[in-house]
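Asks: Take a look at the following structure, please.
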Amino acid sequence: MSEPKPIQDTLDRRHSRESSISSASTTSLVFDRLAEESEKNHDASSRPHPSAARHAYTDDNSDAIKESDINDPETGPFLGASSETTPPRKGVDRKLKKVLLIVGGFFVAAWIVSLVVFLTNKSYKHGSQIDHDPAATNRKSGKRVTLDQVQSGFWRPTSHTFSWIPGPDGEDGLLLEQEARGKHFLVVEDVRSQGSADGEAHPDAAESRTLIKDPWFYWGDQQHSILQTWPSKNQKKVLVATQKQRNWRHSFTALYWVFDVESQSAEPLDPAHPEERVQLATWNAQSDAIVFTRSNNLFLRKLADDKVTPITTDGGPEYFYGIPDWVYEEEVFSGNSATWWSADGKHVAFLRTNETEVPEYPIQYFVSRPSGAEPEVGEENYPEVRQIKYPKVGSPNPVVDLLFYDVEKGDVFTVDIDGDFPEKDKLINFVMWADGNVLVKTTNRVSDVLQVNLIDIVARTGKTVQHVDVAKIDGGWFEISHVMYIPADPKNGRPHDGYVDTVIHNDGDHLAYFTPMDNPKPVYITEGPGWEVDGSASAVDLKNNLVYFRSTKESSIQRHIYSVHLNGTDMKPFTDTTHESYYDVSFSSGAGFGLLSYQGPKVPWQKVVSTPSNPKSYERIIEENKDLTQQAKKHELPVLEYGTIKVDDVELNYVERRPPHFDKNKKYPVLFQQYSGPGSQTVTKKFAVDFQSSDGGRRTTRSPRRATGRPSATSTPTAFAIWGWSYGGFATLKTLETDAGRTFRYGMAVAPVTDWRFYDSIYTERYMRTPDLNRNGYQQTAISNTTALGANERFLVMHGVADDNVHMQNTLTLLDELDLAGVENYDVHVFPDSDHSIYFHNANRIVYDKLSNWLINAFNGEWVKVNDAKPKIES
């Protein structure tokens, strides 16, 4: 926490899309449109009478857009966040907190059996549990939510993101603001400078400091627009990026410059090669050197002169230095960096990735040319093809090892660990400097055995300090967790260095303090049982020996913030636990302040608060979303019901969204939203309206069975439909296949996995092991029973042609199997040049228009006519 965090392209925008949440879903929109059709054929008197009293709207919903990932397919303006993790991850899903085992179609079968029992017993009939009106079973008349509103962001709460930055002398409570309204382009400001709750400026607030005045600079006669910035620790220089070009989800290339704050001028990072694109650049803590990757080789630039020193020379298409390849970027680091400076600036640790044996997969672009290169003469009418090194299950993984560079001696070296995993069976999951040591977490290929290694960088020796067989603990696998270093401070009760990590304890994820560094037996800071820590520690206050974290202590669908002493005593809530709430928090570099984000169930708000670590109390509301509150009062939003359903003796959460004017005496069509992916939790108390997944501790997330959602008040199987995106698309098709039309008649699958042998090795083998070890599991999970799919009324499949994550191969292989079996009860829509998020050329709007219209036609019986087409004979 001693170095400034990189800020995003747009920091602290007042109408940020970064941390936004949807409040309406495809389902409710479809029901509204179905209601419109119904009104044409029914007398107005048959409609339920609106509620007699109007109440201020406070929605109990949990369908949120992922923070910092608005374009993610699982979390667009209609979908719930697929998981709750720190840091964010994706799905086929990349927000990975917890996981469940994919074992055949058994979890789907178990869910369907439970669903049938659930419907038969009519256990869905219960009272409303809506936060803003506990007695309400319907809403008073108002405006209807429209598809255009949701897609335009009409229902998205305004939220702000802070990039906390330590002062040059360790000052706490400083923010890095980029493009803030009415200010210079890049400013360091005390969080208290804008006043407290009474509107008065805080007397202790430090003066603002401008780092960059304008969003552009000149070099020679060329003007360059600044897109991203990274200040040095002493705040005298700023590393800036211009002309960014996206690579994969997190990675990009750009032209990099060193901007001098005093002179407000810039120079190229490599003065001898100003036009060469750089993949990654990182400051040291001394603010006098930058290490960067270019053309997959690592270089060092010391600011004392213009000289650039090559650290590696054999980088290229097969070897990567200091940056991850596709699968490590996507599944391990969730970012574009594999470079780590030591705190004293004397050493650099970096990953070497050898992709020599990794097979390639072609990504085709039929409309655009993402490379920016002009086609060869005569090839103008051919698609651009990009070959991606993509390890599918069972195929060779990239071989990775950790290298070190001694800045003073100029040599590169490795440190061997006795008993380490063989190179082809090793994954490096985490690297952290701890004074003169380096902590490295590695696992075997299938991630069920963990080793924690400790390297003495001066002696150039290392040893294993922990060896954990996760499979023996609960039959699960290793979860990637992020460690916080706790330096020794004998005067403050810490005689040795240590670290805080997330470990499995009392059937859940809990925080443990390991000290000294090589001690395998920790002090458990949190213990449960019945609740767990969400992700890793949020912050550590070294002065007061306090650890802050977010947990499920009040409820698995709530999140509150707590503090606890490093010795595991004096745990206290930081947020108000007397009300159902879902909180997130971002702490300042010294943990003296926090940006507290209330995310539901009422309309979200944000405020800056002092923490128990700060002797001076401070509070300032920065966002109330008053406009959204008024909008909610004027519109008809769904009525929500929360509850649990038992699957294999495990209680799983569900949320049922009822139409605004729900009448228990009527029958309604039902749409199930599936995600169900490993690590997913989408049933929460966040402000939003959509079906969600479940999480009830380690047992439910390690279970091979998963239930998601449940029906509204109906027992008519012909009115059941199901849909999902990515893993949810797989779950949708597997449900249709297993059910064979007995419960569900319609399904919509977007970017689905249809055979896990087509997906990447690191993600899939973590849950299913390799095909050699689990051949039956892979066969059973593949969508292959075309006869069963044909027994459904109709289903829809959509996919992006340039999907680098869930390859188009999944959908095309399924279509071939359907053709061979003569199955025709389906529709297909493909999107040229769209990746997994399906956004290219208006594609995302088309996705949701298609889902909405297709579902309306399904519930109106139109697909019955299509499936049994009759020629129109003229008389």
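The count begins at 1 with the first shown residue.
Note that Cβ sites are derived from N, Cα and C of the backbone, with glycine treated the same way.
According to Swiss-Prot:
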ACT_SITE  SER726  active site, charge relay system
ACT_SITE  ASP803  active site, charge relay system
ACT_SITE  HIS836  active site, charge relay system
COMPBIAS  19-28  compositional bias 'Low complexity'
COMPBIAS  33-46  compositional bias 'Basic and acidic residues'
REGION    1-90  region 'Disordered'
REGION    689-715  region 'Disordered'
TRANSMEM  99-119  transmembrane segment
Asks: Between HIS836 (active site, charge relay system) and SER726 (active site, charge relay system), what C-alpha distance do you get in Å?
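Replies: Their Cα atoms are separated by 8 Å.
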Asks: Using the alpha carbons only, what distance in Å do you get between ASP803 (active site, charge relay system) and SER726 (active site, charge relay system) once rounded?
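Replies: Computed Cα spacing between ASP803 (active site, charge relay system) and SER726 (active site, charge relay system) is 11 Å.
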Asks: If you draw a 10 Å sphere on the Cβ of ASP803 (active site, charge relay system), how many other Cβ atoms land inside?
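Replies: Result for ASP803 (active site, charge relay system): 23 neighbouring Cβ atoms inside 10 Å.
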Asks: Given the active-site residues SER726, HIS836, which one is most crowded in terms of C-beta atoms within 10 angstroms?
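Replies: Answer by Cβ density within 10 Å: SER726.
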Asks: For HIS836 (active site, charge relay system), what is the secondary structure by DSSP, using just helix, strand and coil?
Replies: coil
